[in-house]
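Chemist: When I checked TrEMBL for this same protein, it listed these features:
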type	residues	note
DOMAIN	A:29-559	domain 'Cytochrome oxidase subunit I profile'
TRANSMEM	A:40-62	transmembrane segment
TRANSMEM	A:82-110	transmembrane segment
TRANSMEM	A:130-152	transmembrane segment
TRANSMEM	A:172-193	transmembrane segment
TRANSMEM	A:214-242	transmembrane segment
TRANSMEM	A:284-301	transmembrane segment
TRANSMEM	A:313-334	transmembrane segment
TRANSMEM	A:340-364	transmembrane segment
TRANSMEM	A:376-399	transmembrane segment
TRANSMEM	A:411-434	transmembrane segment
TRANSMEM	A:454-473	transmembrane segment
TRANSMEM	A:493-515	transmembrane segment
Amino acid sequence: MANVSDRPDAGIPPAEVPDLPLPHPHTWWGRYVFSQDAKYIAIQYSGTAIAIGLVGLVLSWLMRLQLGFPGIFDFITPEAYYQFITMHGMIMVIYLLTAIFLGGFGNYLIPLMVGARDMVFPFVNMLSYWIYLLAVLVLVASFFVPGGPTGAGWTLYPPQAILSGTPGGQGAGIILMLVSLILFIIGFTMGGLNYVVTVLQARTRGMTLMRMPLTVWGIFTATVMALLAFPALFVACVMMLFDRLLGTSFFMPALVELGETLSYGGGSPIVFQHLFWFFGHPEVYIVALPAFGIVSDLISVHARKNIFGYRMMVWAIVIIGALSFIVWAHHMYVSGMHPYFGFFFATTTLIIAVPTAIKVYNWVLTLWKGDIHLTLPMLFAIAFIVTFANGGLTGLFLGNVVVDVPLSDTMFVVAHFHMVMGVAPILVIFGAIYHWYPKMTGRMLNEAMGQIHFWVTFIGAYAIFFPMHYVGLVGVPRRYPEIDASFITTPVAGLNAFISVAALVVGAAQVLFLFNLLWSLRAGRAAGPNPWRACSLEWQTPDTPPVHGNWGKDLPVVYRWAYDYSVPGAPEDFIAQNDPGPRIEKDVPL
Amino acid sequence: MIVALILLLLVLGSVIFHLVSPWWWTPIASNWAYIDSTLVVTFWITGIVFAAVVLFLAYCVYRFRHQPGRKADYEPENKRLEVWLTVATSIGVAAMLAPGLIVWKQFVTVPSEATEVEVVGQQWSWSYRLPGADGKLGASGVNWISADNPLGVSPHDSNGADDVIVEGGDLHLPIGKPVKVVLRSVDVLHDFYVPEFRAKMDMVPGTVTYFWFTPIRTGEFEVLCAELCGTGHAFMRSYVQVQEQAEYDAWLGEQVTFASLQRPRPVRVAAEP
Ligand code: HEM
Ligand SMILES: [Cu+2]
Ligand SMILES: [Cu+2]
């Protein structure tokens, strides 16, 4: 069976697209500002996402101050509180998480991991970033217009989103929000097409789809989903903009606002909800699938063991991606849609739990009989499993239609989605940064600061969101700047204050993390090309950090999957993907 | 070592918090005890799974932590184990879904003897309308809203004349009688939410939504709004008074009807134009 020819790559078919020439900028602007190098664009995307994410973080402090210590901070009026939750929610979900996973990690890792020199359309890729930046600036501008940003909640449900009872509804706030989202989607589509075509067409010789690291599978599937889901949000935004500016009635029925009959009529607010959640549910997985992929790789590398059930993991990603398009109305069980939808959507939602659970099992089984190095990336991966398991399991409450009825729109929901799509993906982002920072900069992040950052973030976030479920179970609704009601038999004020203190502490730890990022740029220990002794291609570049074009003269040739760790009989505990090395007896049929 | 220990403590802490903390749902006042029991079943199943996963994780971290000379096992796949886990998970999920769907069927099937009660939401207050002696609510719509017809009851529908209108007051309900709560909004989305009743439903301008329940306990229950409706959202409150039949009848007798509100300009119950 072994290769008869003496060249080890003799049996490998050529790549689909040959090595293409790259644009080589000659000016300072071309190299450092309007760069077309995916690695550079990745850093621009991530830097912008982290910057706006800090705004989201500060807003969460303000909200927690209000909830924990109501009545003390006079400037947090109900109007301001609603503006804070809206901007916080939107920033975190779209402008931080989506942007950093796809624009940041996608750009950095896809070309390196599939052995390409760059994305296939570098110019469009550059445009993608600049449009994203514009979207962020428009979003930020809404803080400074008269009336302030919109306070419609991140779900922007009409009619209230465009009426005067909601902050920003009759001002510029809602308009800027919608315009910013439209820009974001345009920018994302440019990047997204790029990631998809690069994965499908620009893989190097020998890099079959079933040899790609799960990171690429996760980002790839999430991008395909985003390309299908964002258009629903796009049309919803355009239609709402028309309702607001041109007086159309896509989402607006006849209504009487504060005694005054408005000239709307005939539209349906529920149609907006369907469009929003047709985007919004896949969005959860657009954030989660890249995290699933990345965490699989972190676990495998740092446990020195192949990921358990690789093919099952790939299929689980693809199946979750597909199923997540037919569960959206589980966000609408009490929206007033036809109640019989509940049967269908509860069933699909609980079915999706099965492939999701399989992923959790496979992560844990990868650790079984591993050689677990408790490095920072591994610690964050473990924290992710705990947090994600917790948040995923509470999803079974909210997905099971009848159990959702008492819980929906309470703080239980807020606790659930923060665990599953807030904290869990963020833990992966941290793990990934500790993991790939050495490749991006050539230096290791400081371990002591990292340990403090890890423990405060992991335990702190759990302390914020685990008790919050019980605030919701008591019955406290979400989006209440203060709660005082007769149904509360045991006051929740003390618990709320505790949660708020934990939130401030966790926030402070993020400042330490940012300091570490800057400090280690100069003072970090030199990393060398492959400090974690990992198999996948990005660690095999001739230069660290990789230079423009990634691979020197020749593209790498791939001989194996990305998970040949601790192979029996091999001289070392890993065999790089581009190492022709020994054939492996117990190989998976890839 | 320390990592495994902390994971262990995290599970213990969560379980203890769940068992001894005083924060739990408010005592139920409707027939939806089934919802509570489905929720408890879900708590048990998911709690066990969570503890099992994290404890297994902690064991792996402890048992297989890196030590000099340790080498990881090489086992890419294990068909039998993977199939086994998939089947077990599917059974667990079905065990939660099946009772859930059965209870949902009850939730969406309004008993024929239920009386209709209308709740109308507007920024930021609640109003109520009860059918009069004819047991039927008159038609309604936002175009009929005016200063002396705040709920927009149709003056052309004879069923509406004897409807009882409660504006700014509490909703009273007799104990033990199923009610179909018909929900309407005149401006934006709201959600009629009484934690003790467990049920809730959005109110959507332009359509009529509903849910049903049977009050099983007398007392005063606070109404909250559970769908963001603007700056007054958190302060949109009212009460439901569940009473014995006699008390309820007495209250009902004191209420104004739609026709009496319109007295200055008597309603012509004529054919629609
Ligand atoms: C330490 C970190 C965080 C804290 C303390 C925090 C806190 C909060 C609070 C207090 C609310 C408002 C609850 C309410 O009154 O309804 C909220 C809402 C929200 N948060 Fe976070 N959050 C954090 C991180 C995140 C992250 C990482 C995400 C990303 C998914 C996120 C997404 C959201 C969303 C989507 C909402 C809903 C906004 C709305 O109701 O319209 N949060 N958060
Ligand atoms: Cu969803
Ligand atoms: Cu409300």
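Glycine is treated like the rest: Cβ placed from N, Cα and C.
Note: TrEMBL annotation is automatic and uncurated.
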Chemist: Between the transmembrane segment (A:172-193) and the transmembrane segment (A:284-301), do 3 or more CB pairs sit under 8 angstroms, pairs being 6 or more residues apart?
Modeler: no
Chemist: Give residue numbers and ranges for long-range contacts of the transmembrane segment (A:130-152): same chain, 6 or more residues beyond its ends, CB-CB under 8 A.
Modeler: 34, 44-45, 48, 52, 55, 79-83, 85-87, 90-91, 95, 99, 103, 160-161, 166-174, 176-177, 179-181, 183-184, 186-188, 190-191
Chemist: Restricting to the domain 'Cytochrome oxidase subunit I profile' (A:29-559), what is the model's mean pLDDT?
Modeler: 94
Chemist: Does the transmembrane segment (A:493-515) come near the transmembrane segment (A:40-62), with 3+ Cβ pairs under 8 Å (pairs 6 or more apart)?
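Modeler: With 3 or more qualifying Cβ pairs, these stretches touch.
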Chemist: Within the same chain, where does the transmembrane segment (A:82-110) have neighbours whose Cβ lies under 8 angstroms from its own Cβ atoms, ignoring anything closer than 6 residues to its ends? I mean 6 or more beyond.
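Modeler: The answer is 38-39, 41-43, 45-46, 48-50, 52-53, 55-56, 59-60, 62-63, 76, 116, 119, 125, 128-129, 132, 135-136, 139, 142-143, 148-154, 156, 166-168, 173, 177, 181, 184, 188, 191-192, 195, 198-199, 215-216, 219-220, 222-223, 226, 283, 286-287, 290-291, 294, 421-422, 425-426, 429, 432, 436, 440, 479, 481, 538.
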